[in-house]
Every structure is written in C-alpha cells, then in structure tokens.
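Asker: Questions regarding the structure given below will be posed in turn.
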Amino acid sequence: MAKRNNVSTTDFILLGLFPEFQYASLLVYLILLVYLIALTGNSILIFLIWLDVHLHTPMYFLLSQLSLIDLFYISSSVPKMVINHSLGKRSISFTGCGIQMFFCLSLGGAECLLLTFMSYDRFVAVCNPLQYTVIMNSKVCLLIAVASWTGGALNSLIQTIYTMHFPVCGLKEINHFFCEMPAVLKLSCEDTSDYEMVVFVVSIIFILIPFNLIFASYIQIFLTVLKMKSPEGRSKALATCSSHLTVVSLYLGPGIVVYMTPGSSHTPALDQGLSVFYTILTPMLNPIIYSLRNKEVVGALRKVLRKKLVSK
C-alpha cells in the first residue's frame, strides 16, 4: 500500500486538542494528570464498594457500574492522544478510528442510561423507602447494568458502521483529539443531512429523554424531601441527590449541545471543549463528587486505611 510521510493513504489524521494552542504539550500532560486521577479515583471507589459489606446496596452497585464505565470511557481516547503526542504522530488507522468511535459511543450511551436508572433508584429510596428493597432487588440491579451496557453497545454498533461507510474526500484530517462521530461525519463528501436527522432522533432517546426523566424524578424527590420532618434524613437525601444532579449536569449538558444542535453552528474548538467535559473531566469528577459528600464512602476508606496502618 502506498505511503507518504509514514502515513497510510487509508489512515485518518487526528489534529489533536486545540491544535492552534501554543502550549499543546502542557495541555496534553495536564490531561494525562487528569487521566491518572480518574483511574485512581474510580478504581478506589470500585474497590471500596466491592470490599465493604455496608456498601453492598443497590445505590453503590450502580455507582460501581458508573465508575467502571468511566474507567473505560476516559481510556478510549486519552491514551491514544498522549501516545500520538509523545511519538510525534497524528495518524489513526481506519479500523482504529472505527473501534475508538464504537467504544466512545457505546460507553457514552451506557452512561446516559445508567444515570437515568440511578435517578430512579434515588426516587424509590426517597419517595417509597418501605418498598425499596423489594423494588430494587439484586435481580433488578443486574438487569439495569445489563440494559445499560447492552443498550449503549447496540446503538453504538449501528451508528459506527453507518458513519464509517460514508466516503471521505480530500484530506482525512479530523479536527478533534479522538474519532468522535460528528467530527468524522464532517469529512464526508456525500450529503449527510438525512443521517444527521437520525442522529438527532437517537440523541433524543439517549440524551433528552433521560434528561427529562431524571428531571421529573428529582421534582418528585425534592417535593418529598420538603415534607420530611427529620433534618438528618433531609440533609442526607439532598446530599446524595445533589451529587447525582451535579454529575448529570456536567455530562448531559455538553452532550445536548454537541449531538442535538446543528453541526454547522459549531466550531471545532467548541466541540472539542464540550467533549472534554463528558469524556475526560466527568470521569475524573464522578468519584470525587460522590466520595467527598458521602459519609459511608469516606467511612469505608478510613476503615481500609486504618487496617493498613494497624497491619504495619
């Protein structure tokens, strides 16, 4: 196969994050630091939930699934970006681009569904506490996890195959730091307006409907919390729910702009900046947001540290 400048004619070129930024190396290494924090935070959270019997509840099981998704999600884009920068490369193969797009879409969709199910879990816990263990039993939790992962994967498989079948004309330069679907679609020499409408409809299913369901759940939750007589119960419910709402806002807000507004109205810098929120920053912030305001998680961490100190 003919090659020029060590880049295959079938390869794509990833221009990187804010390619015109003067201090690109500083930005990449800062993102690498964020990546390491995300890996550490999510791994610790998964470990604590697995280790501490007191955290073997539906809420923490779903939280462990969120951390697992975040671990894979941030790993689907950041390592490739850092490796390319370190080696002075920008290329990604056609197959590699498709695989990266599949995992990003799959994990992104799974997170949207899981965040919705997590809001339902909080709704049942606050509004119907006596039936909580019956409704949110282990079988239901397992079904929620399977539905989230499977739903995201099936949607991603269809979207990736269809996106990658469009022929690319001219330079295969993706003005992004990973193969995100809207950025790849812009390279097509065919009219993609019909498919963009399909993407919009799918985004309603995976982003807008979950957002509305979460919003509706929290209206009911806050109305119930306001009626609570116990200040402790009220503060505990608000702390848990506010953590989840913060995560939802950081994740779904930028996603709505990227996937549900006309691509022609976006600049590459805007798309990249918003993508950083839900692919890099949110996976790092999730364990921090849930841990710092959660006494049970902090307590489990203290127990582990105490055991380590005693064993020494």
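Including glycine, each Cβ sits where the backbone N, Cα and C put it.
From TrEMBL, here are the annotated features:
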type: DOMAIN; residues: 41-290; note: domain 'G-protein coupled receptors family 1 profile'
type: TRANSMEM; residues: 26-51; note: transmembrane segment
type: TRANSMEM; residues: 98-120; note: transmembrane segment
type: TRANSMEM; residues: 140-162; note: transmembrane segment
type: TRANSMEM; residues: 197-225; note: transmembrane segment
type: TRANSMEM; residues: 237-261; note: transmembrane segment
type: TRANSMEM; residues: 273-292; note: transmembrane segment
Asker: Is it true that the transmembrane segment (197-225) and the transmembrane segment (273-292) have 3 or more Cβ pairs under 8 Å, skipping pairs fewer than 6 apart in sequence?
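Answerer: Per Cβ check, the transmembrane segment (197-225) does not touch the transmembrane segment (273-292).
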Asker: What stretch, picked from 26-51, 237-261, 273-292, has the most CB pairs under 8 A with the transmembrane segment (98-120)?
Answerer: 237-261
Asker: Which residues of the chain, 6 or more past the ends of the transmembrane segment (26-51), have a CB below 8 A from one of its CBs?
Answerer: 16-18, 60-61, 63-64, 67-68, 70-71, 74-75, 78-79, 81-82, 85, 276, 280-281, 283-284, 286-288, 290-291, 297, 300-301, 304
Asker: Suppose you look only at the domain 'G-protein coupled receptors family 1 profile' (41-290); what would the mean pLDDT be?
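Answerer: Taking every residue of the domain 'G-protein coupled receptors family 1 profile' (41-290) together, the mean pLDDT is 89.
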